[in-house]
Structure formats: C-alpha cells, structure tokens
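*Asks:* Sharing a structure here in structure tokens format.
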Amino acid sequence: MSVDLSAQQVTRMKKLQKKIRSEVGKAISDYNMVEEGDRIMCCLSGGKDSYAMLDILLDLQQRAPIKFEIVAVNLDQKQPGFPEHVLPAYLDSLGVAYHILEKDTYSIVRDKIPEGQKTCSLCSRLRRGTLYGFAQKIGATKIALGHHRDDIIETLFLNMFFAGKQKAMPPKLLSDDGANMVIRPLAYAREKDIAEYAELKGFPIIPCNLCGSQENLKRASVKEMLNQWDVEHPGRIESIFTAMQNTSPSQGVDREQFDFISLTRDANAPLKGEVAESDLPAFDFVDVSNNGHIDLDAASKAKRVNPEHKINIVSTYTP
C-alpha cells in the first residue's frame, strides 16, 4: 500500500527498518534459524507482525551471504467478513511466491465450542496442524512465525501466573513429531517498533477480531502490567528478556533441570574463589570446642603480623 510520508517519516522508517533488520539478523545468527538452501514458509495472518516479518526477511534475502527461498502462506479459515482479496493483491505487488489455503476451521470451531466460550485454543490447534502438514507438502525446511519479544515475555508471565510453569516461546522449535522446524525471526524485536514500522510502511492490515472471539483477558492483563513497567522502569523489559537467556539451573529449584539429589561435597577441596579471598585463615587458630565471640578482623590482622598469634576470645556463650 502506498503511503505519502514526509521526509522526517521516511528517515524514521529507514531507521526502524535498520533496527529491526539488525535484531532479526542477530536472532537468526544466534539460533541458526536460516541455513543455506532453506525453503522458508512465511506464515501470514494479515497482522502487523507477520507483514513486518515477511518484509524484513525479503530484505535480508537480498543481503545474506547464503541462498534461501521464501514462500508466503496464508490460511483462510473462512471467518465471516474476511477480506479475501487483500493478501493476494499485496503479495502479487511484491512478486513473492505464495499460497492461500482455504479451510473452514471457523465452522468446526463453532460446532465444537459452546457459545460464549473462548475458541482460541481449538482454532490455534487446527491452524497449526494445517500449516505443519502443508509445510511438508511443499518441502519447507523452516516455518516462520511472527511472534516478537513482547509475545515471548508475555507468554512467560502467563505460564508463571496461571499455569505454574517457567515456559515461554522459544525462538526456534522442533515440532513434537520432529518433522517441522519453527522459527521466530522477530524474537529480538519490540512490538512498539514493529507497530510503528507497519504504520509507516502502510501494510494492508486485516483486523484480528473477525472471529468475534472474546478478548484474552489474562494476556491483556499481563500486557498491561508489562507496558506499565516499561513506562515506569525503562530497561526492565530488556532486563527480563536478558534474564531468560541467562538461566542457571543449579541456582533454581527445578529438580528436573538439575540433579540436587546427587550433590556431594568434597572435604578435601582446596580453598578458592570467595573462600580463598576471605579472612578464613584466621580460623586456623580457633578452638571450635569453645563457644566464643571472635573478632575476625583483629585476628586476621594479627595473623599477618605474627603467624603464631592466638585469637583472643572476646566473650563466651554460656547456655
């Protein structure tokens, strides 16, 4: 879609494109998302995220030192009022290979889910199954989804708050049957940057409320919490994502991730690290059978002056 932009807006658009492209490139490199000869099935929903993902991947395709194919795929789930002409017209204008799949999952969901209940879970499973199957049919080696960093962090808190799990969306995922590899190239990109970029680019956004499903109130509440943090505590969101990349199982409580049961100490281990740097040599002169109050600062200083110095007991504990 053509958008008339001021010189300032053009500059801003180019700056955002460079930023997002850099983040996508780093994510691809960090997780080995794209390899020589890959055929990437880029899943388009008609939303800002998938449009931006396709746009950036096409740009990187021209710059990358490796060769890979991009095939855009949209699943038309026959939701009432879905503008079927929008995506084909846009993709034709780009000259990119694409497929529009038609499958009436909308009717299946309406038949299975009682009126008033959320349809998202079943709808998502049906959509995923169709896309996974089609990826194998066309020989796609990777399936690219448009989830960004905010989605990943929101999912972590949703699972922590409502499912009791430390689980998010991995940037790269092997399907349960091992047949499909899912990648999320926008894993390092912020939603606010993507939204601004999509507006400046004039992507033909298709509204996401066509199914008439209820808003996911849990996700909305988590998003609101994170947005508030982002305003009140700049840098906190970045810190959370960095923490997700720097986990330490031995410092946690998950027995499945670390073998706490088999932990044993080595009584003959040499002193090193924090222990070696402390004043513990003063303990060499302590009579541990004596319940006393010991001035370690004075003891350490005295020991350095006179190695034979004995520690004076400041006070004695009497039960």
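Heads up, residue numbers simply count up from 1 along the chain you see.
Backbone N, Cα and C atoms are what each Cβ position is placed from, and that goes for glycine too.
Feature table excerpt (Swiss-Prot):
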| type | residues | note |
| --- | --- | --- |
| MOTIF | 45-50 | motif 'PP-loop motif' |
| BINDING | C120, C123, C211 | [4Fe-4S] cluster binding site |
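Could you give the neighbours, burial and distances for every feature on this list?
*Replies:* Computed over the motif 'PP-loop motif' (45-50), the whole-number mean pLDDT of the model equals 95.
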*Asks:* Would you mind listing the long-range same-chain contacts of the motif 'PP-loop motif' (45-50), meaning Cβ under 8 Å and 6+ residues beyond its ends?
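*Replies:* Same-chain residues near the motif 'PP-loop motif' (45-50) but 6 or more away: 74, 86-87, 145-148, 186, 191, 194-195, 198, 203-206, 208.
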